Amino acid sequence: MGRSRRSYARLLLLGFLLLRFSWCLAVADDGGGAEEGGGIFPVVVSTWPFREAVRTAWEVVSASGGAGCSAVDAVVAGCSACEVLRCDGTVGPGGSPDENGETTLDALIMDGTTMEIGAVAAMRYVKDGIRAAKLVMDHTEHTLLVGEKATSFAISMGLAGPADLSSPESIGKWTIWRQNHCQPNFWKNVVPAGSCGPYNAIDVPSGESKASAKRVLERTQGDICQGLFEPNNLLEPMNSRLKIVNRHNHDTISMAVIDKMGRIAAGTSTNGATFKIPGRVGDGPIPGSSAYADDEVGACGATGDGDIMMRFLPCYQVVESMRRGMEPRDAAMDAILRIARKYPDFVGAVFAINKKGVHAGACHGWTFQYSVRNSSMQDVEVITVSP
């Protein structure tokens, strides 16, 4: 009887150890998804090979002593590092000029424990996007502040400014774009079609074909339109989203962290789409689109064509799918496929991580990479996901 009790106790101990440690499991990529098992908390996940940003977040969340810093603090630190480094020229100041040559910032932070969110959009003259977003969360009852009022708030709360967010690189890029007749751009159904604005709307009755719109352009613009049109792309030959949207001109750092206590946070920072129409707000500061977190379930981060993706709230969808029992890989693929069914040419990706630390990615229109660090790794690892 005593021997049986001791054997039973050993089995219980073994079971506890297996639950305490999450062993890595790789699942084959068969169409846009890849899944990896998490290690011991904490865990940091980020879009793209933004290794330094992930290392910075890791240093914060894995700090020795006690419970370490919170998931929220780690996300802010990681995204701030990317802003300083100007990751890919699409995060922080100095990149992605709008049509007027100005750089503005979008950012969001979400606490998955309290479900509080702070965000700023189209913020001018302040370099610290993610820190401004956290100030909104910490010191207001609001979720999102925009434009110059977001700037005034951030400066009043102690952030440096006003500052010029342009750089020689962003101004040089904008100058070349102007010399190329402001092509490509984000306008549609306007004249002039092949040069810089100001633009005027073309009145195309609802239900009319693009061929009808083409005839309007030819009638009003004459020879200017010759050579602009391509088959099946009548009004948007120079404006094709496939020509505008790619990793290096339309990107976001989206990061999720699970800290030592199992608390989850997510956040984003971006300077938006290159040559965007001034005032444009992408998916970066939109809760549930670029990022979402819930301690009870997990988190998600997104990157890509925000104007399309924000119509579907893919990260909210991912988290809710995991809440209903989907594994991260299936939840990520499902969210991407929902968009692709409506917009077959869209470019975007998501990563998903559940509360156990299991993570996955899915993408459409490009090869996606995301970065991970957990306690079982010696350094940041980059995972590639194919469309």
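Just so it is clear, glycine is given a Cβ too, placed from its N, Cα and C backbone atoms.
Annotated in TrEMBL:
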{"type": "SIGNAL", "residues": "1-28", "note": "signal peptide"}
{"type": "ACT_SITE", "residues": "Thr252", "note": "active site, nucleophile"}
{"type": "BINDING", "residues": "Arg280, Val281, Gly282, Asp283, Thr303, Gly304, Asp305, Gly306", "note": "substrate binding site"}
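Thr303 (substrate binding site) is surrounded by 30 other CB atoms, counting those within 10 A of its CB over all protein chains shown. The residue listed as 'active site, nucleophile' sits 10 Å from Asp305 (substrate binding site), taking the CA atoms of both as reference points. Cβ-based neighbour count (10 Å, all protein chains) for Gly282 (substrate binding site) stands at 25. Looking at Thr252, Asp283, Asp305, Gly306, the recorded positions in this record, the fewest other C-beta atoms within 10 angstroms of the C-beta turn up around Asp305. Most Cβ neighbours within 10 Å, among the binding-site residues Arg280, Val281, Gly304: Gly304 holds that distinction in the structure as shown. Largest CA to CA distance in the substrate binding set (Arg280, Val281, Gly282, Asp283, Thr303, Gly304, Asp305, Gly306): 16 Å, whole number.
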